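Noted in Swiss-Prot for the protein shown:
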- His120, Tyr124: heme binding site (BINDING)
- 1-7: topological domain 'Cytoplasmic' (TOPO_DOM)
- 29-134: topological domain 'Periplasmic' (TOPO_DOM)
- 8-28: transmembrane segment (TRANSMEM)
Amino acid sequence: MKRKYRRLFVVIITLSIFAGSVVFVLGKLKNNVSFFYTPTELLSSSLINRPNIRIGGMVVKGTVQKYDDSIVFHITDLKNYIKVVYKGILPPLFSEGSWIVAKGKMVNGKFIASEILAKHDENYMPNKYKTNNL
């Protein structure tokens with residue numbers, strides 16, 4: 001009988017450790033389920049104080065201002081907008097009206113971006129096919 005109880009004890013301990021690990025991992029991943037937050041989600045949550053946030057939205061037309069050391073623009077989710085300040089080289093697909101994802105943090109009501117990713121639509125067509133009416 002001792003062997004049977006010892007085996008049962010080992011199985012219970014193993015399952016407990018496994019279940020605890022699953023709960024721990026899911027708890028840590030809970031805040032990282034979304035690749036980015038919209039301006040509305042960011043402004044209406046406690047995420048504003050986090051150091052590394054990704055926000056996504058459309059670059060508002062007429063708001064892009066280029067300076068010697070930075071670029072300032074607004075992004076929107078068509079409900080709210082956030083002012084973004086970025087120091088660095090912009091991706092080639094960045095333009096007014098395009099969708100972007102910016103990584104950074106909120107400081108005094110402005111989003112200070114450390115990285116900009118430009119999004120493109122899924123309907124990519126190489127130039128040689130655009131001219132052939134395909």
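Using the three backbone atoms N, Cα and C, a Cβ is placed for every residue, glycine included.
Remember, predicted model here, so these are calculated numbers, not experimental data.
Per-residue pLDDT, averaged over the topological domain 'Periplasmic' (29-134), rounds to 82.
Under 8 Å from some Cβ of the topological domain 'Cytoplasmic' (1-7) lies no Cβ of any residue in the same chain that is six or more residues away from its ends.
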